[in-house]
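Notes to accompany the following structure.
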């Protein structure tokens, strides 16, 4: 903590040590201010994480007594086809969700111009992010629905039989990701749009005088200035991909025959759904998901820490 | 919101209407009867009970279906009601085993219910004790479009082979023989249950759902072989279709048959079908040596172990079990009363259902996801869904189910 320059000088003469009470107060103040947040974080984040890990060593249906089973939940995971399906789908989600970043940038660049009614266009592009994921899921499942969906009718017109994207285990995950990308692109777009506002016009001017334009201008002049926006876009997209749950739940409930499950949905199915109530097993899945998230989270924190140090 | 409103309203009405009964006892009743018909049936039930026992005031908390399944685990431990609705069979067992539901054998003994509720007694018993009162059930079977049958010029089949023969004729006029939508998984289980009941019989089916027979048994494979015969004539992409959307196939005459429970009649009729166009038949015979068994999921009421007003809760149970009350409730529900002295509503589908259920020599199963424990049920239904799309995967599916069977029934 640095002493604010507006600190009233009258109370202590310069050079004289501050009274003990104030020194103590100064040490204590940051902790007091942090306390409410830290307490919340402890109660609602740290303790549940530890508890989940603890529960993952038990067999428990949520009602009867817990039975200690050691690591057998984890051993069972290793031999569980559904777990590997979920893991694979999570990786597909992670990779394909990254498309939201370049697409978002593209649309942001396209919208970053001053023509009549640009605000309206911007808000239209931002619209999918505003509506609930549940609505997005419903719209897309109707879009794909065999029998009456637009996508199905289009493919029927092309190949005669029609493609029911959500009924095929090989295509279902891609169908859901496409639905997820729609709002995610809008999110990245808005991040880039605000980022573009802070691009220094004099640098653009200078680059233009030096003859840079098009892709080169974008790559060497604009993008470096958008780094903070890219970083945030990356963070929200990774988190969005890993916690993909609502769309899977709305569009397929993990089906057909469990082929579109992701870890978060599988955890929910095992621990909390109608056919589940295996708290221990669900907790074990949660711990695995947490471990995967930790890889990314530590990466992000490390980067932020480095940036703050100015390395 | 709903709970709050109901409770507040009930409290308000109680305060206004019966200021004299200051020492009135309350009975809390939690239910997931949030659809119009069940809601009306329970309102009538509560009204009748309060009229008979004026010193008891019933507070009804209505939950929505899906929310109830989660909420019950919370309210059972935190604030148990005196009476609650739930489902019988294996859905009830976890709560019995963990001591959450009260043994109400004395209600059965005092009111001679064992005899009156005999048809669903097994579904609410465990180790020879009763844990709930079944108040309603409904048959499963095949609903068909009579117009389409006329157009194809075929008769209602008696055997599975005739059914498949009919399918070829339906295909010739561009109609799907069998429709279903398995997005929610359970509709596929109805088909499997009936095929297994007809192919191997009730005893086998119960052993299978009880984990006593391996999924890789050749007799299980026979069931899927029968199923495979109808797959070319079944709605494609069933896995992506909701059961209601498949119902519209039947309504619009795009499909001829639908294996469903009687609750679907309301959906068919909303779509415009009438008693003149909607037909019901018992699932056709496969193996003539097997005594005919049927499928009828049972709905039941239970007293949580933590109930505060046990005496009145037991009165309520006896009241629900009585023949007159079951007649009245099921008239509104559009389902079948369990008490054998009740009368069945004057409805062709209910009458047909009552006839096949009351004469079934083989036995009455609940439903795959109530006969098998939760985990096995889920995996099984996913397997059925996969089989319908990829019949070649059968061996893999059965190996997977067998692996899960060995784990699930271990303890």
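Quick reminder: no glycine exception, Cβ is built from N, Cα and C everywhere.
Automatic, uncurated: that is what TrEMBL annotation is.
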Which listed span TrEMBL calls transmembrane segment, if the choices are A:61-86, A:217-242: A:217-242
Annotated stretches the transmembrane segment (A:172-196) and the transmembrane segment (A:280-302) touching (3 or more Cβ pairs under 8 Å): no
Long-range neighbours of the transmembrane segment (A:124-152), counting only residues six or more past its ends (CB under 8 A): 107, 111, 162-167, 175-176, 178-180, 182-187, 189-190, 246-247, 249-252
